[in-house]
Every structure is written in C-alpha cells, then in structure tokens.
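**Q** Dumping the structure here so I can ask a few things about it.
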Amino acid sequence: MAAPKVAVVGAGVVGLSVALCVADAFPSCSLAVLAERFTPSTTSDVAAGMLIPHTAPDTPIHVQKQWFKETFTHLFDINNSAEASEAGIHLVSGWQVFKSTPEEELPFWSDVVLGFRTMSKAELQKFPQHRYGQAFTTLKCDCPPYLLWMEKRLKAKGVQMFTRKVANLWELHNEYDIVVNCTGIGAHQLVGDQELFPVRGQVLKVHAPWVKNFVRDGDGLTYIYPGISNITLGGTREKEIWSLSPDPSTTKDIFDRCCSLEPSLQAAQEVKVQVGLRPSRASVRLQREVWSQGGAKLLVVHNYGHGSGGFSMHWGTAKEAARLVGECIAALQDSSSRAKL
C-alpha cells in the first residue's frame, strides 16, 4: 500500500512530541502537523515546564510513573548533549515545602528525580512558615525554545507544518488515513468531550537572575521556577474558568505569595503576565477509534487531557500514542492486503 498519511492536530508540547515519536518509529509515513497556533502562542508557552508530576486520580500510579520516567530520561539525555541550550533544557535544584508533614512523604516520582531527600532543619530555616520539606534536582523545559527545537527537528525529518484551524476531525478524512488529536483544551469543542474542563493558570515571568533554586509550596499553588532567561512565578488553579485575560489583583497576589517564600524577589523586574488553560480531566485520554461515515473510514488516536502534567509526562504519552498509530498502520495494511485478495 502507499505510505500512510498521518496528521497530528495540535502544536503544543504534546502534539510536537507525538509527531517526533511517529516520525522516528514510522519514517515511511507521510506526516504533517496541523495547528491553529504554533509557538509562542500555544498553551504550552505559558507553562513553567517543570518536571514535578501531579497525580491524576483515574490513572494507575505505575502508568503515571512510567510516563514520567520516560519523559525524564528523554530530557535528561537532551540535557547531557550539546543541544541542551538550544532546546531550553536544564537541571534545577530546589525545595518543595509544606506547612505540615504530608501523608505521602515519598511521592511516586521520588526515585526518578535526582537526589531526593528530606530537608534538614537548617534548610527549613529559610522557610519559617513551613514545617517540612523535600529537596531534589529535576529538569525544566523553557518554552518557546523547546517547542522551536522540536519544530526544527521535525522539519529536518521532512514533516510539514500547516497553520490551519480544524473545526471537525472528519474534514481531514479525504486527505489523511490517520489523525492524532493533540488539541488540549480545544478537544472540548472539537470532539465534544464533556469530561474535559479548563483549569485556568495565571503566571508572571520576571527577571531575577540571582534566584537560582526553585521553591514550590506543597499545595502546588505558589511556586518559583527559575528558567534560562527569566523566572516563572505562580500561580492559580481556577476550575471551569475560560478567561484568558490577566487579572491585575491576581498578579499582585501571586507576586506577594512568591515574595513571602523568597523575599529577594521584591527587586525582580516584571517581564510579562500570561494566562493558560490547562486541559484537565480525570485521566489523560489516550486511545484509538475508528470513525466511519457513508462507507468512508478515518482512524483517530487521541492524546489530550494532561492537566497540569503536560510537561512532566509528555514524552511518555507521546510514545504510547505513537504505538497506537502503529496499530492503526497495521490495520490499514491488513485491510489493504485483504482488498487485494
């Protein structure tokens, strides 16, 4: 049969990583990425890109750990290469602090990050409002450099990029054999997923080059994540809020909360305020379907709904999505050979 035509819809961190995994696993495919927006205008561009997983309630822990481990290993390899700077990948050490000792002192990811340990009494003196803490080193992806680096790799493999708004996946059935849906919060409207809802996140990007360590409050709401060129201060978790307009009172609240953890930030220079909608559901939707209409068929793979965990597990879920694309290719080849008989 002719080389299968595959379209990945969505060009955030999930879409681009799926495209790379498919291009690597199935080089004979004709592959395209279709998206209404590319970097620097995606939801991923707002994210801090820190590899600290959030537990998804309806996904088995061993699966989440596998996705995180595959992602960490992949980014650690990039970090240890000459491409680290261009890709915006770097190691960052710091602390996760709690006002009281958490029930789970050893999170499922503690043996994947580097040097995980309980903070000493001396270290905790830096955070007088907190009673317990964890110290470790993890990885951070700076956006847009990471997305630009992935786009560059895709183009080098001959993958085409098209700026295009897809209103319905079925509109692609005449052009492509397989469509991978990586549209994030866009899937709410695109495929009518009522289980998917936005969790609005507002962050500040500031210039404070003297701050080298990350700090994350255990509740996950307040965080300071140093990047290569600026620092991300956060944040908010506002369920079912669709507004992308920055709220000035929220900006002040975020800044004040971060300064209570790191007083030297009072001297930081504000760069910009950004808002993104995390695509949240009880579990990532990672599955394949066959759509048919009037005798025509379209094979669809879904990979969306990562919530706050997009960066922490993007490569692990991309590998799984590529495996599902492989199943679709096998089904196409099987039906093609049966048609010849």
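Just so you know, glycine gets a Cβ as well, placed from its N, Cα and C.
Automatic prediction, not curation, is the source of TrEMBL annotations.
TrEMBL lists 1-25 with the feature signal peptide. Feature annotation from TrEMBL assigns domain 'FAD dependent oxidoreductase' to 5-324. According to TrEMBL, the feature FAD binding site maps to Thr43, Ser44, Val166, Thr183. Taken from TrEMBL, the feature D-dopa binding site applies to Tyr223, Arg278.
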**Q** Highest Cβ count within 10 Å among the binding-site residues Thr43, Val166, Thr183, Tyr223, Arg278: which residue is it?
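**A** Compared across Thr43, Val166, Thr183, Tyr223, Arg278, the most Cβ atoms within 10 Å surround Thr183.
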**Q** Give the nonlocal contacts of the signal peptide (1-25) in its own chain as ranges (CB under 8 Å, at least six residues past its ends).
**A** 31-35, 37-39, 42-44, 47, 49, 141, 143, 146-147, 150-151, 153-154, 157, 159, 161, 166, 169, 172, 175-184, 186, 190, 303-304, 306, 310-311, 314-315, 317-319, 321-323, 325-326, 328-329, 332-333, 336-337
**Q** How many other Cβ atoms sit within 10 Å of the Cβ of Ser44 (FAD binding site)?
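**A** Excluding its own Cβ, Ser44 (FAD binding site) sees 26 Cβ atoms within 10 Å.
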**Q** Quick check for the class: what is the C-alpha distance, in angstrom and rounded, between Tyr223 (D-dopa binding site) and Ser44 (FAD binding site)?
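**A** Tyr223 (D-dopa binding site) to Ser44 (FAD binding site), Cα-Cα distance: 17 Å.
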**Q** What mean pLDDT score does the domain 'FAD dependent oxidoreductase' (5-324) have in the model?
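**A** Mean model confidence (pLDDT) across the domain 'FAD dependent oxidoreductase' (5-324) is 96.
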**Q** Using the alpha carbons only, what distance in Å do you get between Ser44 (FAD binding site) and Arg278 (D-dopa binding site) once rounded?
**A** 9
**Q** Between Thr43 (FAD binding site) and Arg278 (D-dopa binding site), how far is it from one CA atom to the other, in Å?
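**A** Counting only the Cα atoms, the answer is 8 Å.
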**Q** Where Thr183 (FAD binding site) and Arg278 (D-dopa binding site) are concerned, what is their Cα separation in Å, rounded?
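**A** A Cα-Cα distance of 11 Å.
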**Q** What whole-number Å value do you get for the CA-CA distance of Val166 (FAD binding site) and Arg278 (D-dopa binding site)?
**A** 20
